[in-house]
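Scroll down for the structure; my scribbles are underneath it.
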Amino acid sequence: MQANFLSQQFNASSLAENSTACPANATICDGTSCVLPEDNFNQTLSVVLSTVLTIMLALVMFSMGCNVEIKNFLGHIKRPWGIFVGFLCQFGIMPLTAFLLSLAFNVLPIQAVVVMIMGCCPGGTASNVIAYWVDGDMDLSISMTTCSTLLAMGMMPLCLFIYTKMWTDADAIVLPYDSIGLSLVALVVPVSFGIFVNHKWPSKAKIILKVGSIVGAVLIVLIAVVGGILYQGAWIISPKLWIIGTIFPAAGYSLGFFLARAAGLSWHRCRTVSLETGMQNTQLCSTIVQLSFTPEQLELMFTFPLIYSIFQLLFALLILGGYRLYRRHRVTTKTDVEKIEQKEDSKSNGKINGGFVSDEMK
C-alpha cells in the first residue's frame, strides 16, 4: 500500500472555516476522505530490529548447538521415540486444542482461523533456550524444533484443511513456505556450527554456551518488548481472544508434559516436550495472517499472535522459576544432581528416547 486511507468526519462549522477538511500533509483530498503519506517509522524500525534480532537469534542457536553431542543427536534421529511423541503433541494436541477453544468461546470465524493457525505452527526456537535453563534434553529439544519446522511444510496445510473448513476456505490461507524454509535454515546452520565446535573444542563450547544462554534469555524478553512497541495501537480486540491467548499456551505446556510422561519419557525429557509443545513460532503465525487477510480482517485478530507470545513466555518463566525452586529445595548437592540424572538415564536402558519402562524402573 502506498498510502493509508483515513476517513475523518468534521462538523459544518469546521468545514466553513477551512477550505479543506484534510490535514495539511494530505496528498489527495475529496470532501472528508483524505489520503495521507505512509508513515514509514514503524516499517523502518521493524526492519532494523528484525535484522538485529535475527543476528542475535543465530548466535543464540549457535551457542545452544554447543551443548549438543553428535552421538546423542544422531541417536534421537535413529530411535525417534521422543521426536514422535513431540510430533503427536505439536500437530495433534495443539491443533485440536485450538479447535476446541474456538468452539468453546464461540469466537468470530476470522478469529477462530487465527487461533487455528497458531495451533498448527511448528515449535519456536525460544523453547531451546528455556529447555537449557530447566535442565532439559537439549539434543531432543534441537531435534524436535528442527523436525517440527521441516514437517510443518506438509502438516500445516493438512491440519488447516481439516480444522478450518467450517470457518473458511483453506485455499484462502497463504502459507509462506519461503519463511518456513528460512526458519529451518536459520535453525540448522548455526546449530550445526555449534555441534561442530562442541565436538572439536568442548572446553570452549562450554564458555560459549553460558554466554549464549544469557543472551538468549535477554533476546526472549527483547522480542516481547519490541512486539509491544511495534503493535501498541492494536491491543483493542475481543476479550475472548485474550482469554484464549492465556489458556492456550498453558494447555500446551500441561498436555505436552502429561502425554510425554504417559509415553514413558524421563522427567527431563518430559520438561523438554512440554516446552516444545507450548512454545509456538509466533512470528510465522503473524506472517501467515498478514499474507492471508485484508486490513479490515486484520483489525479483528492481528494482535492474537503477540498475545500468545507474551503468555507463552510468562508461563515458561513460571515453569523455570518453579523448577529452580524445586532444585534449590530438593537437590542440594552436585552429587544428588548426578544421581538423579543417572537414574533418569537408566530408564532408557540403551534407548535414546526412553519409551515405555517397567514399574520397577520408575
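Every residue gets a Cβ built from N, Cα and C, even glycine.
Taken from TrEMBL as is:
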COMPBIAS  337-348  compositional bias 'Basic and acidic residues'
REGION    337-362  region 'Disordered'
TRANSMEM  45-63  transmembrane segment
TRANSMEM  83-105  transmembrane segment
TRANSMEM  112-134  transmembrane segment
TRANSMEM  140-163  transmembrane segment
TRANSMEM  175-195  transmembrane segment
TRANSMEM  207-229  transmembrane segment
TRANSMEM  241-260  transmembrane segment
TRANSMEM  306-326  transmembrane segment
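The stretch from 140-163, 175-195, 306-326 with the most CB pairs below 8 A to the transmembrane segment (83-105) is 140-163. Ranked by the number of CB pairs under 8 Å to the transmembrane segment (241-260), the listed stretches 140-163, 175-195, 306-326 are led by 306-326.
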